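For reference, TrEMBL has these:
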BINDING   A:161-165, A:H224, A:R269, A:325-329, A:353-358  ATP binding site
DOMAIN    A:44-131  domain 'Phosphagen kinase N-terminal'
DOMAIN    A:158-400  domain 'Phosphagen kinase C-terminal'
Amino acid sequence: MASSFSRILSSKRQIGILSLVGGSVTAGYLLQHRDHVSAGMPVRRVYPSSAEYPDLRKHNNCMASNLTPAIYTKLSNKVTPNGYTLDQAIQTGVDNPGHPFIKTVGMVAGDEETYEVFAELLDPIIKERHNGYDPKVMKHPTDLDSSKIQSGNFDDRYVLSSRVRTGRSIRGLSLPPACTRAERREVERVAVDALAGLKDDLTGRYYSLTEMTDKEQQQLIDDHFLFDKPVSPLLTCAGMARDWPDARGIWHNNDKTFLIWINEEDHTRVISMEKGGNMKRVFDRFCRGLKEVERLIQEKGWEFMWNEKLGYILTCPSNLGTGLRAGVHVKLPLLGKDIRFSKILDNLRLQKRGTGGVDTAAVGGTFDISNLDRLGQSEVQLVQTVIDGVNYLIECEKRLEKGQDIKVPAPLKQK
Amino acid sequence: MGGEPRAYKRRRSRGAERRAAGLSCHRTVTRLGRNIGIFVSTPGSCSNPQIRRQQGAAMPFGNTHNQLKMKFTSEQEYPDLTKHNNHMAKILTPEMYERLRSKQTPSGFTLDDVIQTGIDNPGHPFIMTVGCVAGDEETYEVFKELLDPVIEDRHGGYKPSDKHKTDLNPDNLKGGDDLDSDYVLSSRVRTGRSVRGFCLPPHCSRGERRAVETLSIEALASLSGDLNGKYYALKNMTDAEQQQLIDDHFLFDKPVSPLLLASGMGRDWPDARGIWHNDTKTFLVWVNEEDHLRVISMQKGGNMKEVFNRFCTGLTKIEGLFKDSGHEFMWNEHLGYVLTCPSNLGTGLRAGVHVKLPNMSKHAKFEDVLKRLKLQKRGTGGVDTAAVGGVFDISNADRLGFSEVELVQGVVDGVRLLVEMEKKLEKGQSIDDLIPEQK
């Protein structure tokens, strides 16, 4: 992929000539007289894009697989209306080559328009990451009508807790990699304002990270609600940790079953959860809460970032569409040891994680099981998939308990 | 902005968006930029078109993003510095922020770029960090309202009108070949240099960084004699080479300090970073770490004079080689050598020894003596490490306002005195009559 340009890159003479031309001696003349240096006169050393093209030969992420020198050249002239550039969008993927086994996305969006201005790079990335979903021709269905859910009340002997999360971005304000302090504070203000309007079982309170007391902090840690300053270089290299903890905070309802993170990796992350297996109730609350928050911000003239090609717009391309991860902590000690486990999960379009979240190990045969997909299927479809799948897994576990055999199900037909 | 109702934002065409952002004219500029033919020119013809006006060009760093901030009031953008303890936080008032926030250097470095590291790293209650960095040479001019007081605080009252003396003539150093090697285990002098006309590590594009690397490799390849050496690019080195450099204590790692990362110095690692050293392993150059170049001369034992000789000779040769290719180092008579961190201005020089002072270091007056001699102590692992086995890293505390010769002289004289005191204490004698005056 980089072959023709690596020849240009390795030509020192070429770069040497370019650097001569930068005219540092002339600049030096100007600079010895301090008065001559004036603010606001843009002067910049310009290189052809071949000299700027990142070295991605050791990289393994979706950005590196799709950013050809030709695309880089074409897109490096472009900028979103807010001033976000290609180099900024891909910086995290350049700085984090990736893992041989885990393929990260390798780029982020700085604003809603990123997905449009840099579509030539993002469309193939979205296609790769979301099972062939083609934003140019496909439409993403949004469906938050939880009444459509069938069953969804799991056996509490197996399912310890149920949880649904997603993210929402406020249209008109830049996303965490690019937002200014004022924009971030505005996101906080808009969200907190809306959340203050929630009632009944959704009545709650906001805890700003900058102002919380030690006691409040400890309570939030004990409840496993508190999020920390990001340490993952995937996030910090994208600029999401700037100005921490300014305008970051946590809101939750009094029942502690509905939780919103503000200005962490997205404008808002919305989480509905409870102990036990009543996924239907969790999803009910999720949809209700989301719709109510949307109504409240619309009253003030705001709306969420959404379009019919990509669904809900979030910072990371992996979270487009529904941005939804519906999951349970479920005890599957026997099934977890069965060699068919991974294949069963694959065919059910599910993924497993340890109970500490992504990249943790399962403890005591308890797994975090959730949907694999995000884009191309609606919220209702994805939650139904999780419900049907987990029911199947519990059936398998029960059969294994009785010494009976289990079957690997046929792969779910993907739309 | 603020709380006003916002109309539904109809999606505009790409062209309309760009026009709205004032970017309609930039295409011609960058199309020229891609035409390599334009760039073939002789050193003498470095005239206007190449230092090009780039209003609104996207990359690199066209600074269109700072214009977004100007839509908000200064008060809405002013950072929360109430829990901060660094030089920047002490000096940047809301009024100063308002005056400076619309400015940018010619290459597009803005106030927020300067201070981001200081916002993200509130500091330590005991150690006062600087909290700001320069993205190019002009930063120190465009943002002098902030940086002059920062410099004054950090460099012992150095005024905006003061002049800094540069003296890299090793013959002016008196003595220094006589430090007792039974006590002085090693001697080292380091500094940094920036190549004029290129942006500094927090701000440089990949193309610029690579150009700095190429220039440096070419210059260093011309060194000969006891300065004959080899360059090891971080991204190309073999495992064997890497292990050797680690064993020699030469290899630098990707910065992990949030002070550096928050300012953008770790971007694109390890692209265009590398280490050069001479065959005898006494002269070492780091390329594109925290500065364009870090230059280090060192050897075992106490012959600081020899170390400083090699330092000056090597630096002068390297500077000459850069000049031959039409480049010079960033320098002016007020700030001396210009480097990324304001704490390294002037000489950028740290001359130090690893010295055994087990008795002296336990003496009640140790800190006071160091202060009077204008020296500082560190552990032998470098800054923020503890001393092991009574061995300390002792070096000059100052950087700006004194010449290289003056600073190294201070280290030489000061260490000689400390060793004398150590010997006296070994014999159970008093050192009261040796306590120096405050320099």
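A Cβ is built for glycine as well, from the same backbone N, Cα and C atoms used for every other residue.
In three-state terms derived from DSSP, A:S161 (ATP binding site) belongs to an extended strand segment. There are 18 other CB atoms within 10 A of the CB of A:S161 (ATP binding site), with all protein chains counted. Of the binding-site residues A:V164, A:R269, A:G327, A:R353, A:V164 has the largest number of other Cβ atoms within 10 Å of its own Cβ. Confidence for the domain 'Phosphagen kinase N-terminal' (A:44-131), expressed as mean pLDDT, is 93.
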